[in-house]
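Quick look at what TrEMBL annotates:
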DOMAIN    60-204  domain 'tRNA/rRNA methyltransferase SpoU type'
BINDING   141, 184  S-adenosyl-L-methionine binding site
């Protein structure tokens, strides 16, 4: 009677240890595979990737709602990559997004794009629910009188900025569901900036403030960097699937 709990405990320990060591082995093999891929990537590119990974962030993210012109959304992707923003969220309603390679200039291969289709009319809610569960406050860009000026915006918590389409701005649904509204003050006759220009101003200002305030953990964790490094290495090597298949076959034989 008294031996059974100990037996169960020991069995669980064995299974837990087995899983732990299995994970360690897989991590070691993955590391070895990335080292193998380095042979197909220039030293300059490897050094550049390491530098960029240290400047990458998910503390700020961008949401694009129902953008009408694909080249405008693509320009925002390029802007986000330039400022080290890793994640872009796209809410598709009447307009679906297609990458314009001439505008992104390759930025789409370096950032993570998340799309929310409006099949059941829940795209906004789905996007916001996902980001709020990760600790983001969602701020919609709007020129309304009650919105907060960019000058008064303090990035003391993670921020997701919502940009609406070129004709109507953010929707009433976004305004109702967002945690707040923000705007860039205008001093001329024109009422708004181009979307990518607006994104540039907001992201530059927020990153500058976050770094001057020495807000901790705004950049990627070591694990996040490793995941991205793996993704980027794979994206740079031609026929990487063949390399990977052959490499893991060889490792499987070694383990056996």
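Glycine is no exception: its Cβ is also placed from the backbone N, Cα and C atoms.
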Number of other Cβ atoms within 10 Å of the Cβ of residue 141 (S-adenosyl-L-methionine binding site) across all protein chains: 25
Neighbourhood of residue 184 (S-adenosyl-L-methionine binding site), C-beta criterion under 8 angstroms, separation at least six: 141, 149, 150, 193, 198, 201, 202
Averaged pLDDT, computed only over the residues in the domain 'tRNA/rRNA methyltransferase SpoU type' (60-204): 90
DSSP residue counts for the domain 'tRNA/rRNA methyltransferase SpoU type' (60-204), split into helix, strand and coil: 49 helix, 37 strand, 59 coil
